[in-house]
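**Student:** If you scroll down you'll find the structure; I have some questions about it.
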Ligand code: LLP
């Protein structure tokens, strides 16, 4: 089965060679997703701005660059990582939320395009740069969309963006300081599958855009849902591309100018490319249920505990076994860090091929918001990362050592 190896290399071989816990990324999968996205918008002038908060490994960023994919960043540090990977400033968009103005100045100084999401920031931007530096505006369209409440970003109570109802205030500032708004942006949320939601958000932004005569682009954000299990078809990108693309072309016709369309996917490009490999440290046959304890925890993959997210889990050491059992898969952190959530977001058991202590337990969809959300909780080390490309597995991040835990600590007497 496709899950058990990456470009012909068995996961168990990777686990043995590099140790566990280990994040492994499949470069071909990332390229495949880029091409699926491009072909969904094939009659549109599309720029892909990879939302790199999903995965900032430099090797992944370099791959994106080589494939002609630009970057969307949310912090000066992500911006610096983009530059280190070889991006030019003008290939990077800075889309921060609620940051001090110095971060905006930093991004401008590096030549990045800034995306402003607050009236007070817009005013400061106008005072500082007038019409000399172009910018984008992040608009909150008051649209509900996203897999769960924590990842919905465009509804009326969201902290993100300038409310679509504050158009008059925006226009006052733009006119007062002659601010050069070259694009409007919105991002509805993450894990969205329904074409109607994308259409609704796009239409709201297109309607709003009519009063901005100097636009060069529209940025419709990311959020395309990925399949989380072998049975889940995920988003129909072709259909979504058609819906968004048609709405965009219609808008351009009314606007009287051919604009560029930007999209900002994170998960769609990297989620399925990643697998987290762990080792079963204990099988605990409790009178009520059977637990599999692994040498990882919410410190390495927090999505189940944070959102109740479903990750497909399988025993990579036992592909063929007819013997299966129901296991609750749990981490080694001093918290109830369960990995086996069901589709309803409840802690539950998973049917796995029989697990023995020492088996490699693998988690799919670990390429997005896996390593980037990992922490040192319980003072455990961050996992290593491996990129598989041209059927060769390369270590792209070393496992932590004790030095990493104490590097910035000051030993006082
Ligand atoms: N653009 C903006 C402005 C965003 O805030 C995000 C994600 C994206 C694009 C990319 O969204 P994506 O295509 O990856 O869904 N940690 C959560 C997801 C948080 C997303 C934050 N913003 C998770 O693991 O589900």
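Placed from the backbone N, Cα and C atoms, the Cβ positions cover glycine too.
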**Student:** Looking at the substrate binding annotation from TrEMBL, with 303, 307, 335 already listed, which candidate in 255, 369 is the matching residue?
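**Tutor:** Looking through 255, 369, the residue TrEMBL assigns to the substrate site is 369.
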**Student:** Hey, what's the Cβ neighbour count for residue 334 (active site, proton donor) at 10 Å?
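**Tutor:** A count of 9.
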**Student:** Substrate site residues 303, 307, 335, 369: biggest Cα-Cα distance, Å?
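**Tutor:** Output for substrate binders 303, 307, 335, 369: max Cα distance 20 Å.
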**Student:** Looking at the recorded positions 223, 307, 334, whose Cα is closest in space to that of residue 53 (N6-(pyridoxal phosphate)lysine)?
**Tutor:** 223
**Student:** Going by Cα-Cα distance, pick out whichever of the recorded positions 223, 334, 369 is nearest to residue 303 (substrate binding site).
**Tutor:** 369
**Student:** Using a 6 Å cut-off on Cβ distance, which of the recorded positions 223, 334, 335 come close to any atom of ligand 1?
**Tutor:** 223
